[in-house]
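Structure record follows, encoded as structure tokens.
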Amino acid sequence: MLLSDRDILAAQSAGHISLDPWTPEMVQPASIDVRLDRYFRLFNNHAYTYVDPAENQGALTEQFEVAPDEPWILHPGEFALGSTWEYVKLDPSIAARLEGKSSLGRLGILTHSTAGFIDPGFEGHITLELSNVSTLPVKLWPGMKIGQMCFFQLSSPAEHPYGSKGTGSHYQGQRGPTPSRSYENFYRAHIDD
């Protein structure tokens, strides 16, 4: 069940959903707006000749920080990692999705490539996969609305929520834009002809 504004407020009050900082004015009819932090990661295009999700390529991205009152420019065709300002906590009975803001989408800004789902039990800053598919550079300001989270009540609490042993939860408690850790539990099935 998708939570309405009143359900979001009740879940926050009961401790099932936590966003820090909590700003009630960010609550929308069926979502809550989240804001952009000032930390970003860009690809270091000279460190590797290719990306391999099975390998630890620690120098693949470099983190940088912009001043709280300074914009960062995302150029056409550029991809960068960012993060929400809000630290998010979900209890085992709530899952969430991160969606873009339509006003930013109309400017060519994509908030996430594929990783919009947030598991029950997750806590941390949400890493954003930012892309500019427009033909002009776009200023991104720390603290601006960058996306919206909608919440789903599970039919029963997850038996093994994100962060519990054996779930491969390698982003639990993340701070800032966190690079891929796909190599930590890379899986590849053997395919026969």
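Just so it is clear, glycine is given a Cβ too, placed from its N, Cα and C backbone atoms.
Given the structure is predicted, the values throughout are model-derived calculations rather than measurements.
Taken from Swiss-Prot, the feature dCTP binding site applies to Lys101, Ser102, Ser103, Leu104, Gly105, Arg106, Asp119, Thr127, Leu128, Glu129, Gln148, Tyr162, Gln174, supported by sequence analysis. Contacts of Lys101 (dCTP binding site) defined by a Cβ separation under 8 A and a same-chain sequence distance of 6+ are given as Asp33, Thr111, Lys145, Ile146, Gly147, Gln148, in order along the sequence.
In the structure as shown, the Cβ atom of Glu129 (active site, proton donor/acceptor) sits within 10 Å of 17 other Cβ atoms. The feature active site, proton donor/acceptor is assigned by Swiss-Prot to Glu129.
Under the heading region 'Disordered', Swiss-Prot lists 162-184.
The compositional bias 'Polar residues' annotation in Swiss-Prot covers 167-183.
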Sparsest Cβ surroundings (other CB atoms within 10 Å) among the binding-site residues Ser103, Gln148: Ser103
